[in-house]
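Peer 1: Okay, so TrEMBL annotates it like this:
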{"type": "DOMAIN", "residues": "30-479", "note": "domain 'Major facilitator superfamily (MFS) profile'"}
{"type": "TRANSMEM", "residues": "84-103", "note": "transmembrane segment"}
{"type": "TRANSMEM", "residues": "115-134", "note": "transmembrane segment"}
{"type": "TRANSMEM", "residues": "140-161", "note": "transmembrane segment"}
{"type": "TRANSMEM", "residues": "173-191", "note": "transmembrane segment"}
{"type": "TRANSMEM", "residues": "287-312", "note": "transmembrane segment"}
{"type": "TRANSMEM", "residues": "324-346", "note": "transmembrane segment"}
{"type": "TRANSMEM", "residues": "353-374", "note": "transmembrane segment"}
{"type": "TRANSMEM", "residues": "386-413", "note": "transmembrane segment"}
{"type": "TRANSMEM", "residues": "454-475", "note": "transmembrane segment"}
Amino acid sequence: MPGGAFLLNSGGGGGMADHGGGLTVPVVVTCFMAASGGLIFGYDIGISGGVSEMESFLKKFFPGLLKKSAHANKDVYCMYNNQALTAFTSSLYAFGMVGTLVASRVTRRVGRQAIMLIGGSLFLLGALVNAAAANIAMLIVGRMLLGLGLGFSGQATPVYLAEVSPPRWRGGFISAFPLFISVGYLAANLINYGTSRIPVWGWRLSLGLAAVPAAVMVAGASLIPDTPSSLVLRGKHDDARAALQRVRGKGVDIGAEFADILAAAEHARRNEEGAFRRILRREYRPYLVMAVAFPVFLNLTGVAVTAFFSPILFRTVGFESDAALMGAVILGVMNIGGILGSGFAMDRYGRKLLFVIGGALMFTCQVTMASIIGTQLGNGSKMAKGYAVAVLIATFVFSASFSWSWGALYWTIPGEIYPVEVRSAGQGAAVALNLGLNFLQAQFFLAMLCCFRYGAFLFYASWLVVMTAFAVALVPETKGVPLESMGHVFARHWYWGRFVKDQNKFGDEST
């Protein structure tokens, strides 16, 4: 992540030129405080899978599933297939989709910082409701609040980071968001490992501690300024200049950069047509395709189901409950390793190389898991330990490979490619679609596993070939490109150039 110029761009842009600001302590602190919102994503992913494995939780809410798993020798693929249990996980993502769409509609009026504060507060409230849950209905209400919080946070945070990051370091700074997701996931699994030993109320502690990352997010968002471009769009020019100076550091000349922000905001006002209608126009076709393709392909890697249900998966292939939870902890460590590697590599070697390496490794791991599980699991018996360990290792490598590639780049590329006038719509659509697909996968993966058996892994492996080819052929390289210059990159692309016409800076809207 080499250093470089500072760029701010939101619903109205940032400076095209390199103003020479480089990295400063304020920008690093600001970005990492904003990225802390990723903690709530990761914590919930880890907690959901681990809590649904706890006997005390199942006994209170899903006693029939405990009886079923006690007689699992009939079909190990189907022993955890329970739609009420999966609804506990998936309901969050349905409401996350709603939250994202609402946030994308109001963010221009209230600013990125306010959206992050609202998201953290909703998540905090949902954590408290879940911890006090007395029945399934109360659990689902808590999950709904958590989902709305995730939706608000996921819409605002990656774009906030893109707006305040130096172009040459932007990939690394945006990857701080998935890094915090991985940290939250690891923390959740460590907590699950400890609370699983607490009878009766251990699951309440796991769910209630979600209030901690929510409080961290609220505190972080309350201590950072809104983005200067967001403030300019709301007519608060003096506040915008002060916010830019605060983030850039005292004594830094911000005149040229602030002029660029004003010019970008004026360009956005001249193109005031609704962003969701505008992104459907032909000249925005590449951005619409990316807004759809990235969340679709992200979910077709199969990583969401691995993360949600890794303790259940490990137990299915032969590990006991404690070993399965510890396997999920190691999975979290591998996630962090992959994200850190990606953050250092993407701004040095480009985005495409990460897609190729990650795609090849994930494909190999999925085929390996399908081969072992297909030949060794079934007929009423659990898998031999040696083969179970091999599946565990393949899962770890898969997790690190995902974090290295799609896990980091899903947040980086959509956060940086959209033109100023459709940025809220593009990011909102991508996050909403991702959460909607998360809902479908969380709700139906265990049924899919029961039906397809080991073929589920081959299904995801085949899509990895498709998405890697798409990334190589159709995703432009964006390493070090200032946000408002992304249009030039697409205009010069071998395919997207037929839709996007190159133009001078902040030129006519018929780009």
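Cβ coordinates come from backbone N, Cα and C, glycine included.
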Peer 1: Among 173-191, 353-374, 386-413, which stretch has the most Cβ pairs under 8 Å to the transmembrane segment (140-161)?
Peer 2: 173-191
Peer 1: Would you kindly check 84-103, 115-134, 353-374, 386-413 and say which stretch has the most C-beta pairs under 8 angstroms to the transmembrane segment (324-346)?
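Peer 2: Result: 386-413.
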Peer 1: Any residues 6+ beyond the ends of the transmembrane segment (454-475) with a Cβ under 8 Å from its own?
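Peer 2: That would be 289-290, 293, 297, 300-302, 351-352, 355-356, 359-360, 362-363, 366-367, 369-371, 373-374, 377, 406, 413, 445, 448, 495-496.
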Peer 1: Pairs of Cβ atoms less than 8 Å apart decide it: which stretch in 84-103, 173-191, 353-374, 386-413 has the most with the transmembrane segment (115-134)?
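Peer 2: Checked against 84-103, 173-191, 353-374, 386-413; highest Cβ contact count belongs to 84-103.
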Peer 1: I'm a bit unsure how to read this: which one of 84-103, 173-191, 386-413 has the highest number of Cβ pairs shorter than 8 Å with the transmembrane segment (353-374)?
Peer 2: 386-413
Peer 1: Take the transmembrane segment (173-191) and find every residue of the same chain, 6 or more past its ends, with a Cβ under 8 Å from one of its Cβ atoms.
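Peer 2: Non-local partners: 1, 31-32, 35-47, 50, 157-158, 161-162, 164-166, 205-206, 209, 213, 307, 325, 328-329, 331-333, 335-336, 338-340, 342-343, 346, 403, 407-408, 410-412, 415-416.
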Peer 1: For the domain 'Major facilitator superfamily (MFS) profile' (30-479), provide the mean pLDDT of the predicted model.
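Peer 2: Summing pLDDT over the domain 'Major facilitator superfamily (MFS) profile' (30-479) and dividing by its length gives 82.
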